[in-house]
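Just below is one structure, and these are the notes that go with it.
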Amino acid sequence: MSGVIYYKFKSQKDPSRITFDGTIGMSVFDVKREIIMQKKLGNGLDFDLLLYNANSNEEYDDDTFIIPRSTSVIVRRVPAQKSGKGTAARYVSGAPKTTGARSDSVKRPVPMLQKKAPITSGESNINKSPSSSEDAAIQQMFQVSSDQWRETQDKMASATPIYKPNQRRIAASVPDKPPPPGYICYRCGQKGHWIQACPTNADPNYDGKPRVKRTTGIPRSFLKNVERPAEGDAANIMINAEGDYVVVQPDVASWETYQSRKAALTANDVYKMQPPNISLACTLCKKLARNACRTPCCDKLFCEECIQTALLDSDFECPNCHRKDVLLDTLNPDYQKQREIEAVVKSVLGSNSKNSDKVGTSDDNNTPMSEKRKREDDDANGPNKFAARSSAVFSKATAEPAFKSAMAIPDMPSMPHVQGFPAPFPPFMMPGLPQMPPMMMNAIAGQVYHNNRNPPRTNSRPSNASVPPPSSLHKNPPTKTN
């Protein structure tokens, strides 16, 4: 009659079974051996195999203990306390341990390094406990490792370092000629010696940080030559390609240009100022009216943008007299006020003494496009409209021939006449054309020769000429020409 023992690992969901012949049970040694064989756990040198009762969680530490049939056990695989000394190896080899209890195997001799450190009472209790758990064994292993590493660190801290220059590398060969005038040792930042013969190569206290900053990417106009700095004042000192000590100086010209542009007034700045005459101010923003226009209801002066925004926000209601249905297309531009405001802006810009030569450029760049279009419309519709139109026509008339002459395709160069070939035929070796095959050249030459010997027949006979006899007509019929 056969019996069954059920087992499963801690992370396993469904239990597995071991079938054996007998009615009593199976020894712990045989159960562990069957588990290793079924699960293919290897030779068992790197782990220990533990069995626990599934109901009471009691460990089966005696290999000779008989586990009754139909018993469920929990299997745990823990790391070996020493590498390659796992206790599961004896179950694979088939050599049982006759001493019995596994608790003796837990009480292994403490390593020599561990004996030097005092053992706490908690650790001694864990070792002396007959039912030591898996966590206690792992904790003991970690404690031994940490003690060994701590002792190693203490030895390393008290040891004296031995400096051996060029221990792992071969000394570089020093050139036999003196360094060039602009050569710099980029190890110490000094001149007069090669980097292979630098005095700091044999210095054990040298940190190895480079003492030289290169001027890569910095224009020469931004560099200024200085004297050789002291040992501790070389923070901002660099060395150029010629070996001279330089420092970076600021771009004074660009900074002055920026400051002058910032100090110069623009048209936008003038429009934001308080107007010198209240009649030129906008009714809403109280500033110079930009693109001045008037409302048809109360005839007040507004900026074009201010009045349009106010009408759109108030459902086309005048902000001054509160009249309804004031549409945008009913606003009347005041060209007279626009010219007066432009004169005020120009006078303020002209009175600015700083960078007066750059004021016109900044004014034109900052002038809105609507104002530029309005100026063009005023010039075209003003008293000088005929002069403006004539100048525009003149500029267009002078620009078109120049454009056409620039875009004209150059004429084909005259080709020399080749004997035996028609005049418009290009030469054979003309640049840009492929070379003509010899057979084609012979065919063209033969055709020209045939045409010269036998010119085409034409109807040059006079009107009163006699008709040729029928025999001649039959032999050589005349060709019809149009």
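Each residue, glycine too, has its Cβ placed from N, Cα and C.
Record features (Swiss-Prot):
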COMPBIAS  451-466  compositional bias 'Low complexity'
DOMAIN    5-79  domain 'DWNN'
REGION    86-108  region 'Disordered'
REGION    346-393  region 'Disordered'
REGION    447-482  region 'Disordered'
ZN_FING   183-200  zinc finger
ZN_FING   282-322  zinc finger
The domain 'DWNN' (5-79) - residue tally per DSSP class, helix then strand then coil: 12 helix, 34 strand, 29 coil
For the zinc finger (282-322), sequence-distant contacts whose Cβ falls under 8 Å of one of its Cβ atoms, 6 or more beyond its ends: 270-275, 328, 330-334, 337-338, 341, 344-345, 368, 370-371, 374
Mean of the pLDDT scores, which run from 0 to 100, over the zinc finger (183-200): 81
Helix, strand and coil counts within the zinc finger (183-200) (DSSP): 5 helix, 0 strand, 13 coil
Residue distribution over DSSP helix, strand and coil in the zinc finger (282-322): 10 helix, 5 strand, 26 coil
